[in-house]
Amino acid sequence: MGSTVNSPSTPIIIPSSPLQTSFIPKTSQLSIFKKKKPFNFASKKLVSCKASDRNQNNADSSSLNRFDRRDILLGLGGLYGATNLVSDPFASAAPIAAPDLSLCENSTVTSSSSGTSVSVPCCPPKTTNIIDFKPPRFSKIRLRPAAHLVDANYLEKFTKAMELMKALPDDDPRSFKQQANVHCAYCNGAYDHVGFPDQQLQIHFSWLFFPFHRFYLYFYERILGKLIGDPNFVMPFWNWDSPPGMVIPDIYVDPTSPLYDEKRNVDHQPPKMLDLDYAGTEELLSKRDQIKSNLSVMYRQMVTYKTPSLFHGAAYRAGDNPSPGMGSVENNPHTAVHRWVGDKREPFSEDMGNFYSAGRDPLFYAHHCNVDRLWNIWKSLPGKKRTDFTDTDWLDSSFLFYDENANLVRVKVRDCLNSRTLGYDYQKVNIPWLKNKPTPRRPGRGSGSGSAMAAETNTKTVIRNAFPIVLDKLVRIEVPRTKKSRTKVEKENEEEVLVLQNIRVDRDVAVKFDVYINDEDDETPTEPEDSEFAGSFTNIPHNHHNPGVKLDTNLTLPLSDLLEDLDIERDDNIVVTLVPKEGKGLVSIGNIKIDFVRD
């Protein structure tokens, strides 16, 4: 549960309005026009390719005044191996390509508050010998165990493997240092898109989040198994979505163990219970209330997000701006756990509290094993759309990892969709959050409550055409709905969503704000166990290779179940309340609208 909001000054109520933004060509596109010679711009007819599933980072990506990344690919003809591009504009596939390691640059870590800036070398050893990944053959499916349930024999083996990894020379790509640097390089500005030298590669805030981390864990695990001569070795998962696992597992808190990391929040050691709605401050909740809050977070993020784009995140293709939008679990609880574990005494909230250093904490890998486990669980829940993307731009996106034999391996997303194909699954444990659906604060208000609330709030301060808005206080926005009283089939075919566009914030600051729907109580804050709580936006500090470039992203929250629970499906509008919980005044939002997702 996040921090309690002090009674705000007069709330702002803002009627929704379209975002007025002008666009210019991306820097990466301009640089290609300069560098790609000979190239007769006039002789090439650039085709504007627009489709509803081509999500872009900017709110009005369909603007005719804006060059599209696919326009550039069309202009470059066969650069990506496509033919007949003008007659078939979508023939030019644009998956994210594995980075060129020879062009890797140091990562820069900065702090807006102190002005401190540090250059961090996190590039891997370079080699020109790359092999393509082939799915392994295992005699049996290995089960990753819950960390709080492992026995002494397993712990001895795991401890030995970590000792051996930490004993490897730093220049060995399998060493603990080099493996930690994998996350730093891919997540903190060390790589550019291949073919787009001014466009940073970032595997967070998009549909690459789950597959990248799955492969990262897979090779890490294979290295550990190789070091102890056990090809069937598996890493444990931190079962933080169930009450018995909602504390840091004991095996990670022994200062004499290679699983220990001294750069963790000293106030969050066992028996302190994890807060999956963490906002940088401590909540004085009973154990029972904290469990209820955590399970409600899990239900919302896993059950109400029913389509691939809502769960995985926004599409992210070659040449796109980074960070188009997070999926459900990446946003929360993934971010909350990182921030809760990170040491606030450290200048950049190391280790878990910053992308560049997160891989230095052995707990990181147990955390992400649970995130990976949730991908499996999500696809097993009821709902015909709980499947992975079939878009080849996603399936053919690729990464590079060093394997257990120190070979550099190119992998593609399509090779990791089923964990059992990689030879592993997860120990079966109880999933209590399936029975913890949030409930309305004021049940039975009935249809018309949204319109009535809007009418009531019109007597308060109203700012018109105010986008972008800065979240320096509680803000209320009236948002119109275009489709009402939809049938069950219509809701199954299209998920009604709330879209917050062009969320801008310095990348190196931790922020969190909550989003409520038709919440009228200014005195008592809405909590995750309330249906009115639509979700949150969170950020883990990270960096861009161009200092001063802000994070510019979008947040998409599902509404269909929420509107039904609040009995406001027939309302003409909803009232959206935004409450800054951390980083007050540091976040701006370009526009808010309701849309419909069909994927």
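Keep in mind that glycine also has a Cβ here, set from the backbone N, Cα and C atoms.
According to TrEMBL:
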DISULFID  Cys104-Cys123  disulfide bond
DISULFID  Cys122-Cys184  disulfide bond
BINDING   His183, His204, His213  Cu cation A binding site
DOMAIN    204-221  domain 'Tyrosinase copper-binding'
BINDING   His334, His338, His368  Cu cation B binding site
DOMAIN    361-372  domain 'Tyrosinase copper-binding'
REGION    435-455  region 'Disordered'
REGION    520-545  region 'Disordered'
COMPBIAS  520-532  compositional bias 'Acidic residues'
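Residues within less than 8 Å, Cβ to Cβ, of His334 (Cu cation B binding site) and separated from it by at least 6 positions along the same chain comprise His367, Val371.
Closest to Cys184 (disulfide bond) by Cα-Cα distance, out of the recorded positions Cys104, Cys123, His204, His213, His368, is Cys123.
Across the compositional bias 'Acidic residues' (520-532), the DSSP tally of helix, strand and coil residues reads 0 helix, 1 strand, 12 coil. Comparing the disulfide-bonded residues Cys104, Cys122 on other C-beta atoms within 10 angstroms of each C-beta gives the minimum for Cys104. Averaged across the domain 'Tyrosinase copper-binding' (361-372), pLDDT for the predicted model comes to 98. Among the recorded positions listed here, namely Cys104, Cys123, His338, His338 has its C-alpha nearest to that of His213 (Cu cation A binding site). Sequence-distant contacts (6 or more apart, same chain, Cβ under 8 Å) of His204 (Cu cation A binding site) comprise Cys187, Ser323, Met326, Glu330, Phe355, Ile540, His542. Rounded to a whole value, the Cα-Cα separation of Cys123 (disulfide bond) and His183 (Cu cation A binding site) is 10 Å.
In the domain 'Tyrosinase copper-binding' (361-372), the DSSP tally of helix, strand and coil residues is 10 helix, 0 strand, 2 coil.
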